[in-house]
Amino acid sequence: MSGRGKGGKAKTGGKSKSRSSRAGLQFPVGRLHRMLRKGNYAGRIGGGAPVYLAAVLEYLAAEVLELAGNAARDNKKTRINPRHLQLAVRNDEELNKLLSGVTIAQGVVIMSGRGKGGKAKTGGKSKSRSSRAGLQFPVGRLHRMLRKGNYAGRIGGGAPVYLAAVLEYLAAEVLELAGNAARDNKKTRINPRHLQLAVRNDEELNKLLSGVTIAQG
């Protein structure tokens, strides 16, 4: 993967590696595979599809975070908060068009369109930050990604929630387009080629990812 994606080989060792580490990615390939299976995007999911999707989303996350860091610095702040992520989206032509039908409150997700907004189910067990926000995307992992990156000196608590909501919406958008591409090609299984077609045939996604090369799998 060229650009900001975390390509390259994972470290070798005795322990079994996750699908993400085998692909040299930080984004959770296994969780995205479950999201693909649970959705009604296609009858079957090819093994390379969640890897390709994870690479696309990891690049988009890095893109949004860099813009948010710039917004924080422009406002003379050392901490990235949801407002800076919102400015990053609204001030970028392609991201703004992609997310034009989405409303995300600062800390609570209120999404129109395909996003999986709404409140998480209640229960006796302690909930993850993702479930408390009504999201499938891993808020904790995104928070670690924010802290490890050099985007800003500090990270506000609501920033990874906002970013997770944005990425979850974009994932659903890409998956719906990929499902359409699979059906157009008379296939019941989504594979990396259909995700590639989904990106290339969408004007805003194509512009956002124009400088990125992602191998199919």
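Yeah, the Cβs are placed from backbone N, Cα and C, and that goes for glycine too.
Here TrEMBL flags 1-20 as compositional bias 'Basic residues'.
The region 'Disordered' feature in TrEMBL is assigned to 1-27.
The domain 'Core Histone H2A/H2B/H3' annotation in TrEMBL covers 14-90 (among others).
The domain 'Histone H2A C-terminal' annotation in TrEMBL covers 93-109 (among others).
In terms of DSSP secondary structure, the domain 'Core Histone H2A/H2B/H3' (124-200) contains 49 helix, 4 strand, 24 coil. Residues annotated as domain 'Core Histone H2A/H2B/H3' in TrEMBL: 124-200 (among others).
According to TrEMBL, the feature domain 'Histone H2A C-terminal' maps to 203-217 (among others). Counting same-chain residues at least six beyond the ends of the domain 'Histone H2A C-terminal' (203-217), those with a Cβ under 8 angstroms from any Cβ of the stretch are 1-3, 5, 47-48, 51-52, 55-56, 59-60, 63, 93-95, 97-98, 173-174, 177, 191-193, 196.
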